[in-house]
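> So that we are looking at the same thing, I have put the structure below in structure tokens.
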Amino acid sequence: MTAQTADKFAFTPWNATRFFVPLFLQAASQSLTYPLVGVVVAHGLHGAREFSAFSQGFMLMFLIGTLGFGLVTTGMVYAKDRLGYLRFRRVNALVMLIISALQCALALPGIAPFVFGRLLGLEGVQLDIARWSMLFGLPAQLAFLLRNVPQVLLYNDHATGRANLATILRIALTALLAPLFHLLGLVGWVWGCVCLTLPVFLESFLMDCFARPYLRRLPMILRDGEKATVGRIFLFNIPLSLGGTLLSLSVFMLNAIINRTDNGASMLAVHLVAIGLINPVSFGALRNQAVAIGFPQRDLRDQRTFLFALATGVVLAALLLPLTIPAVGDWYFCAIQNLSPHEGDLARQVIWWAFPFLLFQAVRGHAEGLAAYRHRPNAVLAGQAVFFGVLVSVLITLFHFGVSGHVMGIIALLCASVATFLTIRLGLALAWIEDDPDFPKGPSSSHPSTWPHR
């Protein structure tokens, strides 16, 4: 390894920032794609009702897709040599097969009416649009999963900028296609699926091209590497992915309970507008998981990545600070999002609550990364289960005491994030006691090829 390469993998605030910023931009920018596609769908034959049904179908598709939520983290842990990479690729293909089977099964005539009708409350043409949108979205789902393999190679070599470039080009192509489709009269849910799918395949293709040089440089087998089987890698992924499924289910709980508060429709509108800004930043904060894996601890006293996570939480929270200024907040919440002046004031209150939430999201992402690096995915799953349980418990408690619906969601999310962070850190503390107290013994370099494996 050259001195320049070693320097790239050594932790410094600058190296960590260069690694983290593209990951944050990728996580935050992806939320821009779906409003763009909405322009195509909403101008279809059934207008807003068509877009609502399309959204329900894709919401269910993304819920199924969370079964692959932990694949990138799994690959960052195991795909550090060619053997591990090939086995991870097989696991990724197996998860693709499982997700495809589930997505096709939910579109079957005997199952779709129950799922989209009884559970989601759709009927008639809306049920059909949601059902077929979910099925026609399968190519996009598979393309998202295909990109996991090259993405892991890029992340493990700290080439996050290249991965981010592929994502930015996907969003740019979507932004180009959406108005073009509208101009040409190619509107409705079918063309919405096309508009979403083509750029995803471009992103997957570009990532594969960018990753090929890194694949050629992979060692056949790391000298001290762990010879994990396909089965072990698959089992490692399950707790990480089920955690993502629990997080997705929590969205349904939030909306259902807030909608039942006093003036529920208005309170839900305030929550959705505010959380639409908070969520992209929140997903970006969770990318500290990759930082914890990419710059692993040398020993128990090494808290540099934790302090970095704290710093990113503060900086990301500060991004929303202008919205607390009445003039700026009124412009966005009232003029842009069409909330009433009173609802705009309530939305600014939600933004204030977002500051501690984003701080804990950042350190929670760091804790999840430590757990994955320590091969403790059950600690992550326990944390996600606690997240869901605390979220529901706090929501029910706040509802019982008549707390205003507009802050119920963000308060519950804050409490759940704090509980998740504490649960994972407790699990890690118990693991360190259970294992060798000197673990991990710091490698001579933080390049993935010199990481300790257990």
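Glycine too: its Cβ is placed from the backbone N, Cα and C atoms.
Note that TrEMBL annotation is computational and uncurated.
Annotations for this protein, taken from TrEMBL, read as follows:
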| type | residues | note |
| --- | --- | --- |
| TRANSMEM | 58-79 | transmembrane segment |
| TRANSMEM | 91-117 | transmembrane segment |
| TRANSMEM | 129-146 | transmembrane segment |
| TRANSMEM | 167-183 | transmembrane segment |
| TRANSMEM | 189-211 | transmembrane segment |
| TRANSMEM | 232-258 | transmembrane segment |
| TRANSMEM | 264-286 | transmembrane segment |
| TRANSMEM | 306-329 | transmembrane segment |
| TRANSMEM | 379-401 | transmembrane segment |
| TRANSMEM | 407-433 | transmembrane segment |
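Looking at the shown structure, can you explain where the listed features end up?
Non-local neighbours of the transmembrane segment (167-183) in the same chain are 25-26, 29-30, 32-33, 36-37, 39-40, 43, 191, 194-196, 198-200, 202-203, 206; each lies 6+ residues outside the stretch with a CB under 8 Å from one of its CB atoms.
Sequence-distant contacts of the transmembrane segment (189-211) (same chain, at least 6 residues past either end, Cβ-Cβ under 8 Å): 33-34, 36-38, 40-41, 44, 50, 53-54, 129, 132-133, 136-137, 139-140, 143-144, 146-147, 149-151, 153-154, 159, 162-163, 165-167, 169-171, 173-174, 177-178, 181.
Beyond its flanks by at least six residues, the transmembrane segment (264-286) meets 23-25, 27-31, 254-255, 258, 312-313, 316-317, 319-320, 323, 333, 337, 339-340, 343, 346-347, 350-351, 354, 357-358, 361-362, 364-365, 368, 404-406, 408-410 of its own chain at Cβ-Cβ distances under 8 Å.
Long-range contacts of the transmembrane segment (379-401) within the same chain: residues 70, 239-240, 242-244, 246-247, 249-250, 253-254, 257, 260-261, 364, 367-368, 371-372, 408-409, 411-413, 415-417, 419-421, 423-424, 427-428, 431, each at least 6 residues beyond the stretch ends and with a Cβ under 8 Å from a Cβ of the stretch.
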> When you check the transmembrane segment (407-433) against the transmembrane segment (232-258), do you get at least 3 Cβ pairs under 8 Å, counting only pairs 6 or more apart in sequence?
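Contact confirmed: at least 3 Cβ pairs fall under 8 Å.
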